[in-house]
Amino acid sequence: MSTTTNSRDTTGSIPAQTSPGDPQEVLPEFRPSWWETGLRARANASVFGVFAELPGLTRRAVRVAWRADRLRTSLVAVSTVGAGTMAAFGLLATQRILVELFAGGPTPDRVRAALPALAWLAAVTAIRGGLGMLVGYALNGLTPRVHMLVERELFENTTAVELRAFDDDQFAEGMERATRGTEAAIELVQTTMNLFAGLVSLIAVTVAVVTVHPMLLIALLVATVPAGYAALRAGHVRFQSFLASSTRRRRQWVLQRLMAERQSAAELRSYGLRRFLLRLYDKVMGAQIAEELKVAQRVTTTTSVGAIVGGIALAGVYVLLGVLLMRGQIPLAAATTCVIAVQAAQRALAQVTFQIDRVYSSGQFFNEYVRFLATAKGYLPNRAPGSGREPDPVPDGLVELTVGDVSLRYPDRDRPAVDQVSLTIRAGETIALVGENGSGKSTLAAMIAGLREPTSGAILWNGRRYDEWDADGLRRHVAVAMQDHHHWPFSASTNIAMGDIDSDADPELIEAAARRAAAHDMILELPHGYDTLLDKTFKDGQELSGGQWQRITASRAFLRDAPLLIMDEPSSALDPRAEDALFQALRSRQGRHTTILITHRLANVTHADRIVVLEHGHVIESGTHQQLMATDGVYTQLFTLQAAGYQNQPTADAPGADAA
Ligand SMILES: Nc1ncnc2c1ncn2[C@@H]1O[C@H](COP(=O)(O)OP(=O)(O)OP(=O)(O)O)[C@@H](O)[C@H]1O
């Protein structure tokens with residue numbers, strides 16, 4: 001295996017040359033991961049392995065179709081078998097017609113004798129057509145229901161898993177594959193039904209051929225199996241390619257967004273990132289094209305060899321028929337039926353092999369979906385371990401919150417982000433978490449909000465561990481304004497109402513919450529006030545500034561009248577007036593409701609009941625503003641530094657003052 005796995009050279013720059021050789025040398029994300037080994041083994045399974053998996057895959061397809069819509073699934077199955085049977089009857093009727101037409105006697109008599117079989121042929125053809133239409137209609141109704149069923153199941157899981165799942169890149173990979181798997185579910189159901197149809201036709205035609213001459217069966221197999229084998233091999237190659245390029249496609253998608261979306265447009269220009277991103281794009285696409293070419297060559301070679309061998313074998317079949325005819329070993333009517341039957345069998349077998357290939361490959365994609373659901377289940381909240389009982393509903397109100405020796409280490413990190421932190425917060429207190437970037441404030445807040453589970457230690461809500469309470473109920477008792485808040489693409493009022501989505505959005509409450517976060521006047525200035533859609537990508541949608549979004553986020557948190565409010569950097573983008581209004585609103589909670597406040601603007605934490613200073617995940621200082629200032633520790637240094645920024649006003653003597 002290549003040892004060059006990072007695209008950065010020793011100077012840390014990204015190489016300018018496009019080298020679409022080994023994709024693993026292009027970007028570090030392309031390094032094969034251990035978890036792909038099992039998938040690769042499956043993708044490399046022999047063609048016979050396909051047959052081994054087929055029953056399981058078709059069972060899965062039928063089960064999912066059955067769950068989505070029983071009536072339509074039954075209708076498709078019955079109509080498919082009916083249509084296949086009609087095909088066999090059609091062939092038998094054709095043979096009957098030929099026998100009558102090739103018999104002795106005057107032509108009008110022969111035609112008359114053939115009429116009943118002709119009527120049969122017309123009837124079975126019409127019935128077959130009608131059943132085919134029925135299958136089409138039933139499938140049209142069935143497939144969207146299948147898609148909805150599997151996609152909804154996916155979203156049920158992705159919205160329920162714990163936050164830590166999103167730190168895991170395997171989870172992200174699995175999700176991409178699973179998304180493809182939801183589309184594959186439709187294909188799997190459709191192709192499984194088509195496979196049944198093909199098999200029924202094939203059986204019918206094979207019976208007819210064997211009836212004419214058993215030897216023709218061998219010829220038939222020789223004429224069709226190579227092309228079928230080639231089709232199956234080609235399916236494998238395509239699947240392997242999908243597997244190999246999953247990470248690359250994700251990277252390509254990210255790059256496409258970075259270069260085409262408005263969020264990144266301004267920074268892209270101001271930093272002159274255009275050439276840098278285009279170079280990365282060239283590398284990713286170079287590797288992608290190299291892979292696609294390799295796959296296309298293998299597919300073409302495999303299918304061409306299959307077609308050549310199949311063509312030679314078919315010629316052999318016709319030669320054999322000719323020999324049998326010349327020797328008088330087979331009547332002309334039977335030989336003609338045989339040619340028709342061989343062609344029909346070839347079509348049926350081609351359909352079957354094609355469908356087997358598609359069932360197999362769409363089944364592999366669907367397996368990714370099934371596998372992802374299993375992975376996601378591993379991330380579902382696991383409450384009250386070992387207790388075997390339902391978690392208790394959370395009583396209203398917070399009396400005391402205890403953080404007991406809590407640590408959290410992110411999976412890919414050597415050091416814990418929060419390290420053995422202990423803290424007791426009583427009802428009505430305002431606690432400020434301060435500390436330098438990366439000191440663990442947001443991580444601690446996320447654990448207190450019930451969004452992340454500690455790696456060790458425990459947090460107690462009113463004296464009982466979080467995992468003993470109902471998780472959703474607990475989260476309803478906490479309102480959080482996130483540092484990385486999401487810009488929900490809904491109206492301003494919905495954005496605020498989402499803070500308490502389970503209760504009816506009372507416009508008065510929404511307005512009151514907006515006033516507390518200094519958002520009310522700003523919202524009224526929007527073209528449609530509270531009904532303004534906050535998404536520029538839709539018609540009449542509006543874009544907000546960073547500070548305006550921050551006000552909406554704070555309003556959302558205020559709307560949820562929760563006993564515990566966590567505000568993580570709520571004012572980093574606010575103007576001084578809005579900031580003042582927000583902190584006045586926060587101060588008005590003091591003594592009545594509990595607040596945890598994270599901010600780097602230390603002037604805003606002086607009123608807090610307690611200031612907790614974090615450094616590298618540890619609590620290094622704790623006390624009121626006055627107590628901490630008296631200790632001359634880290635807090636004093638940070639506070640003094642910031643205060644000096646306000647005090648050091650330029651004077652008339654200061655250099656540059658004139659120019660200003
Ligand atoms: N999802 C994550 N996966 C891995 N590491 C993370 C993740 N989130 C945070 N970290 C790391 O954990 C440490 C603490 O991060 P955290 O966001 O809690 O710090 P913070 O004190 O809130 O910082 P800031 O003041 O910059 O907001 C940092 O080293 C950060 O890189």
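Keep in mind that glycine also has a Cβ here, set from the backbone N, Cα and C atoms.
Keep in mind it's a predicted model, so treat the numbers as computed, not measured.
Lifted from TrEMBL, the feature list:
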type	residues	note
COMPBIAS	1-21	compositional bias 'Polar residues'
DOMAIN	75-361	domain 'ABC transmembrane type-1'
DOMAIN	401-641	domain 'ABC transporter'
REGION	1-28	region 'Disordered'
TRANSMEM	75-98	transmembrane segment
TRANSMEM	118-139	transmembrane segment
TRANSMEM	185-209	transmembrane segment
TRANSMEM	215-232	transmembrane segment
TRANSMEM	304-326	transmembrane segment
Practice task
Answer yes if the transmembrane segment (75-98) and the transmembrane segment (185-209) have at least three CB pairs under 8 Å among residue pairs 6 or more apart in sequence, and no otherwise.
Solution key: yes
Fill in the blank from the handout: In the same chain, residues at least 6 away from the ends of the transmembrane segment (118-139) whose Cβ sits under 8 Å of its Cβ atoms read 72, 75-76, 79-80, 82-83, 86-87, 89-90, 93-94, 96-97, 189-190, 193, 197
Completion exercise
Across the domain 'ABC transporter' (401-641), the model's average pLDDT, rounded to a whole number, is 91
